[in-house]
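Asker: Reproduced below are the annotations present in Swiss-Prot:
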type	residues	note
BINDING	THR13, GLU14	Ca(2+) 1 binding site
BINDING	GLU14, ASP17, ASP19	Ca(2+) 2 binding site
BINDING	HIS28, ASP35	Zn(2+) binding site
Amino acid sequence: VMNLWPGIRLRVTEGWDEDGHHSEESLHYEGRAVDITTEDRDRNKYAMLARLAVEAGF
């Protein structure tokens, strides 16, 4: 992310869910999922952000 978008940081919007905001099978209830975005909330970056996460092993 730092190399692709200098000065843009990641935002973690949720990691653990105990309020039932996700689907019944969601890994958020086990603490094995995370919702992230970029600090500028630019939706045009989301596809690449997902690709970077997969390449990093997430």
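Glycine is no exception: its Cβ is also placed from the backbone N, Cα and C atoms.
Describe the structural context of each listed feature in the structure shown, including burial, neighbouring residues and relevant distances.
Answerer: DSSP assigns GLU14 (Ca(2+) 1 binding site) to a strand in the three-state reduction. Counted within 10 Å of its Cβ, the other Cβ atoms near GLU14 (Ca(2+) 1 binding site) come to 13, all protein chains included.
In the three-state DSSP classification, ASP19 (Ca(2+) 2 binding site) falls within coil. Cβ contacts within 10 Å of ASP19 (Ca(2+) 2 binding site), excluding its own Cβ and spanning all protein chains shown: 8.
The Cβ neighbour count for HIS28 (Zn(2+) binding site), using a 10 Å radius and every protein chain shown, is 19.
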Asker: Have a look at the binding-site residues ASP19, HIS28, ASP35 and say which one has the shortest Cα distance to THR13 (Ca(2+) 1 binding site).
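Answerer: Out of the listed candidates, the nearest Cα belongs to ASP35.
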Asker: So which one is it: of the binding-site residues ASP17, ASP35, which has the fewest other Cβ atoms within 10 Å?
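Answerer: Each of the binding-site residues ASP17, ASP35 was scored by Cβ atoms within 10 Å; lowest is ASP35.
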Asker: Including all protein chains displayed, how many Cβ atoms other than that of THR13 (Ca(2+) 1 binding site) lie within 10 Å of its Cβ?
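Answerer: There are 10 such Cβ atoms around THR13 (Ca(2+) 1 binding site).
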